[in-house]
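Below is one structure, written out as structure tokens; the observations come after it.
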Amino acid sequence: MAALPLATAEACDANQELIKSGELRALQPLFQIYGRRQVFAGPVVTLKVFEDNVLIREFLEEKGHGRVLVVDGAGSTRCAILGGNPVQQAQNNGWAGIVVNGCIRDVDEINGCDIGVRALGSHPFKANKKGFGEKHVPVYIGGTRICDGEWLYADTDGILVSRSELAI
């Protein structure tokens with residue numbers, strides 16, 4: 001895992017060939033910044049759900065080992081699929097960050113956690129609890145395909161995804 005934070009703008013400037021080849025991609029600037037950790041990076045774990053948070057909670061109960069959970073919530077803005085309790089658990093379990101293509105809630109609680117969170121916005125409605133979804137599948141978020149095992153880098157300039165860990 002990256003020992004030091006990697007500035008996304010500098011990473012882009014230094015890796016033009018990886019951008020041209022598609023090995024380094026930037027997500028569209030759709031995401032709000034939450035959590036105390038504005039800069040985070042780590043290997044990706046993917047999850048695809050729709051207005052259901054059971055599988056998200058299950059993942060975040062595991063040890064994170066510096067990974068980043070990328071959740072494709074289909075861009076739904078009808079309810080929150082991530083709240084304060086699972087984010088607190090993710091922080092305690094060593095996750096580096098969570099990127100949600102959907103909404104979160106308990107924003108003040110999440111902003112108090114030492115973890116990076118990106119989401120489309122916030123919504124007070126809670127999600128369903130049926131356990132539907134797909135783990136470790138390619139997801140399409142912010143105009144790019146993201147796969148399990150790739151690397152995600154996030155800072156205040158944006159979010160990058162790379163097929164392999166970038167050198168600092």
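Each residue, glycine too, has its Cβ placed from N, Cα and C.
According to TrEMBL, the protein has these features:
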BINDING   G83, G84, N85, P86, R105  substrate binding site
BINDING   D106  Mg(2+) binding site
What Cα-Cα separation, expressed in whole Å, is found between G83 (substrate binding site) and D106 (Mg(2+) binding site)?
5
If one measures from the C-alpha of P86 (substrate binding site) to the C-alpha of D106 (Mg(2+) binding site), what distance in angstrom results, rounded to a whole number?
10
Among all protein chains shown, how many Cβ atoms are found within 10 Å of the Cβ of G84 (substrate binding site), not counting that one?
17
Alpha-carbon spacing, G84 (substrate binding site) to D106 (Mg(2+) binding site), which is rounded to whole Å:
5
So P86 (substrate binding site), by the Cβ count within 10 Å over all chains shown, scores 23
Provide the number of Cβ atoms within 10 Å of the Cβ of R105 (substrate binding site), excluding the reference atom itself.
19
Hey, what's the Cβ neighbour count for G83 (substrate binding site) at 10 Å?
20
Within 8 Å of the centroid of the Cβ atoms of G83, G84, N85, P86, R105, which other residues of that chain place their own Cβ, given that this set defines the recorded substrate site?
A80, L82, V87, Q88, I104, D106, E109, I110
